[in-house]
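Straight from TrEMBL, the features:
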type	residues	note
TRANSMEM	74-95	transmembrane segment
DOMAIN	89-338	domain 'G-protein coupled receptors family 1 profile'
TRANSMEM	107-127	transmembrane segment
TRANSMEM	139-155	transmembrane segment
TRANSMEM	161-179	transmembrane segment
TRANSMEM	191-212	transmembrane segment
TRANSMEM	245-264	transmembrane segment
TRANSMEM	285-308	transmembrane segment
TRANSMEM	320-340	transmembrane segment
Amino acid sequence: MLHSILSCVGQSFSLHHQPYKEQLSLTHRNLPFRKPIQGILRACQLHLMDSGNLTRVSEFLLLGLSEDPELQLILFRLFLCMYLITVLGNLLIILAVSSDSHLHIPMYFFLTILSLVDICFTSTTIPKMLVNIQTQSKVITYAGCITQMYFFLLFATLDNFLLTVMAYDCFVAICHPLHYTVIMNPRLCGLLVLVSFIMSTLNCLLQCLMMLRLSFCPHSGIPHFFCELNQMIQLACSDTFLNNVVIYFVTVLLGGGPLAGILYSYSKIVSSIRAIPSAQGKYKAFSTCASHLSVVSLFYGTLLGVYFSSVGTHSSQSSATASVMYTVVTPMLNPFIYSLRNRDIKGALKRFFGWWVNNR
């Protein structure tokens, strides 16, 4: 009997498209324990049929931050306001720097790129969330989910690299002020942005290709307001070991590397500031990088907060709520940090609004 079961299981793996009853009639019609064997083979065949259907998933359900109908209108208004503030604030930074020739230096060049990336970063997630709330539909297609994940990872990684590049710019400005214009020439600035973009693109391509190899069960619900990488891997019905290894490796390389570069730059900056004899000179040197230091602290602080909150609670809903900090709040606050703590930006904004009012 054992030989009969094994032979039929082998046939079901190689010929699972053939009707089950036909296989049974050929080899096991007269067995006294036909019904138990029939049950085993039927279960095996159903497993294979389910495995074939795993890759046919065409859509996911974005469960969002809350399923309470009374909170949907509040969430819609709140996130719409935060999205508009983010877009308008970062656009004002771009317009202020572009319209003032005094700000056409590497520091503000990187700031305009960062503002543009923040707009794109927020636009990958919030508009879809707002549409889902407005239409009362939680559906996102498989292709749409992979596309959203691609651009989210692209702009998140690019944000990380740009903060590192800006830390290097502060390091050169404070530690090597006499050679600043020579070192931070337009060619190097463009090359740094280009390399950051290429590295970010390679990262999101790798993660999305790794995601495409996974199989998902039909009608999978993502406990988030966007297609977040870790949540997608947890939903997979196939082996995710290789995906997890790639994520950990990339996190250490592309997350730890830039963070180490930022910490090294600021260690040198602090040493240089301490060596300045006058208090006024120390204040002027510190004010050069104060805005960037605030943005770096906010960015990495919220990321670490999201990580530790998800590890501590093991709740997907809590992780989704905490991720609002770095996906929405941080890009929204960046323009305020740079405009309130930077006299050059405040002056440029005043001149821009003055020009706009006079030309109406």
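Placement of Cβ uses the backbone N, Cα and C atoms for every residue, glycine included.
Using the rule of three or more Cβ pairs under 8 Å, pairs at least 6 apart in sequence, the transmembrane segment (285-308) is in contact with the transmembrane segment (161-179). For the transmembrane segment (245-264), same-chain residues at least 6 beyond its ends with a Cβ under 8 Å from one of its own Cβ atoms are 157, 160-161, 163-164, 167-168, 199, 203, 206-207, 210, 229-230, 233, 296, 300. By the count of Cβ pairs under 8 Å, the stretch nearest in packing to the transmembrane segment (139-155) among 107-127, 161-179, 320-340 is 107-127.
In the predicted model, the domain 'G-protein coupled receptors family 1 profile' (89-338) has a mean pLDDT of 91.
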